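*Asks:* Copied straight from TrEMBL:
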- 44-65: transmembrane segment (TRANSMEM)
- 128-150: transmembrane segment (TRANSMEM)
- 156-177: transmembrane segment (TRANSMEM)
- 267-288: transmembrane segment (TRANSMEM)
- 308-329: transmembrane segment (TRANSMEM)
- 349-370: transmembrane segment (TRANSMEM)
- 401-420: transmembrane segment (TRANSMEM)
- 432-453: transmembrane segment (TRANSMEM)
- 477-496: transmembrane segment (TRANSMEM)
């Protein structure tokens, strides 16, 4: 049956009842509008110290209901009971579990609303992750500017209650959009099992001779992929050892894997390689965001005669610059580069990441220069105390915050799109897991690196680079160190990018002729 002639989606997506869906009544931005709205509220909740409805309810109860929080009298609070502590931490763990269930899937579900086999929808999809992250940062901006103030000045119960109500509304919006959603049909029962089978079979065939030409490897005919509506992935010359799994054998208890299955395993290995060289940028982003605040607390934070800017509030400029940069990137930069390169995205996915990492390094260099200036002012005025204000405006930190926001448009959004786009078919949520786990590992490495540098530089009574008294520390040395670390990592990223080969798969079959979706190879530097 020709699905396209009847107005159905070409990629085989279905509704909740498992029936084919009409292309003009489902998916695209009219479905994603509900998901984008959900994401904005969810991010607002997350940056207000939550990211899941049920965790949110319990946490709100923990700071609102009298017997669930420690009693206070005349500004002095009693120690929390064992029950109160247990309830509070249970709330936090449920939040973590909820986030683990939603974050790897929600953006993938949004991207699935666009039919890759429809040229018009494929073009629309190229902008999806830009606007997805735009909605996420919009929620984050409201949280950092509004919720933090409410929590600290009007009460934690209200501060947690507002995002809880907002998240309830977002779920209502999400469910209203249900008739418009498209759902991918799983055509492989155990996709992760196929990856493991490739590795095991490759080692089992290690003593065999690898054919000289890829056409001699095992692969099913094109008609199989037409019938099953699966995508055939074409052979690539990387990770050649895994090709051993596709060697044809006349008699064997272990059947050969297909080239498509082998290429799926190669894609995961390739993504893992790129993931590894993005950990340092994730680590540095977390470090600088923390250390910028430490710098800011020592500077003159007056805005006008009476108002003092909270040092942490400058973090909102990261979000603001990102919100300004996303429309400029999508509406001006991409069309300009499309005319230059002919690439539908304007630049390749890895080029986008590389540009983001370079901008991040520039932000570190500016942070170093500002810290050198701050140290000079400290020396000139003989400042030593941890609470002494350095006569230097906090707005000196603004450029580095702004640059981090611009860098996010390239590397944060680029990473999410890269891992989704390059994941094997039916494993796109694995790509989102790569993205979120990189952020998590980066935060862990951040704490580890700061601790190690503090211990090593402060050994033997020496002056720690990152001491409690920032006015007597050497953050300039530390910024120089992470600048060098970033530069070395950029070299590693460029090398990995040159080794990386984008997946090439059959996109569709038109009147018996196979149409190949080809991707540019490498970073092209």
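Placed from the backbone N, Cα and C atoms, the Cβ positions cover glycine too.
Give me the structural setting of these features: burial, nearby parts and distances.
*Replies:* Counting same-chain residues at least six beyond the ends of the transmembrane segment (128-150), those with a Cβ under 8 angstroms from any Cβ of the stretch are 32, 36-37, 39-48, 107, 110-111, 114, 158-159, 162-163, 312-313, 315-316, 319-320, 322-323, 326-327, 329-330, 408-409, 412-413, 416-417, 420.
Outside the transmembrane segment (308-329), and at least 6 residues removed from its termini, the chain residues within Cβ reach (under 8 Å) are 130-131, 133-134, 137-138, 140-141, 144-145, 148, 289, 292-293, 296-297, 299, 301-302, 394, 397-398, 401-406, 408-410, 413.
Tertiary proximity for the transmembrane segment (401-420) is limited to same-chain residues at least six positions away from its ends with a CB under 8 Å from its CB atoms, namely 107-108, 111, 129-130, 132-133, 271, 274-275, 278, 281, 285, 288-289, 292, 314-315, 317-326, 329, 349-350, 352-353, 355-357, 359-360, 362-363, 366, 428, 430-432, 434-435, 438.
Cβ atoms under 8 Å from those of the transmembrane segment (432-453) belong to residues 103-105, 107-108, 271-272, 275, 278-279, 281-287, 290, 415-416, 419-420, 464-466, 478, 481 of the same chain, restricted to positions at least 6 beyond its ends.
Residues 273-274, 276-278, 280-281, 284, 287-288, 291, 353-354, 357-358, 360-361, 364-365, 367-368, 371, 453, 457, 465-466, 523, 525 of the same chain lie 6 or more positions beyond the ends of the transmembrane segment (477-496) yet place their CB under 8 Å from a CB of it.
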